[in-house]
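As recorded in Swiss-Prot:
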type     : residues            : note
ACT_SITE : Glu115              : active site, proton donor/acceptor
BINDING  : His7, His66, Glu115 : Mg(2+) binding site
DOMAIN   : 4-119               : domain 'VOC'
Amino acid sequence: MIKGINHITYSVSNIAKSIEFYRDILGADILVESETSAYFNLGGIWLALNEEKNIPRSEIKYSYTHIAFTISDNDFEDWYNWLKENEVNILEGRDRDIRDKKSIYFTDLDGHKLELHTGSLEDRLSYYKEAKPHMNFYI
């Protein structure tokens, strides 16, 4: 039986710059680092970065694949301003209903999409049950 997410690993093109991004911009606690890898605790999630210089990265920008982290609604504007001040690549978000809560989409230095989201799964399901009758719900 699967018990939960064990860790998330990203390949990065420059480990030193990526360590700075995740530590200094997102506030991750660095646990260990080497010349080509680093482990962090980011909101209770084990995040691993491995430097891999010669892999294609151009397709990343075409995918909606991303990792979302929870933030409070009260911190939303502060996070947005912090990312902007630090010249993080903030992406245009999708149009959303207020019941779907707020999100900031952005990329790390290698184009991996990340999201800061104020809602929960319960918020999303409640909204969808109300607004999307074409969906089948099992909970």
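Cβ coordinates come from backbone N, Cα and C, glycine included.
Swiss-Prot feature annotations superimposed on the structure.
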| residue | record | DSSP (3 states) |
| --- | --- | --- |
| His7 | Mg(2+) binding site | coil |
| His66 | Mg(2+) binding site | coil |
| Glu115 | active site, proton donor/acceptor | strand |
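Taking the binding-site residues His7, His66 in turn and counting surrounding C-beta atoms within 10 angstroms, the largest count is reached at His66. Taking a C-beta cut-off of under 8 angstroms and a sequence separation of 6 or more, Glu115 (active site, proton donor/acceptor) has the following same-chain neighbours: His66, Ile67, Ala68, Phe69, Ser103, Ile104, Tyr105, Phe106. When averaged over the domain 'VOC' (4-119), pLDDT in the model lands at 91.
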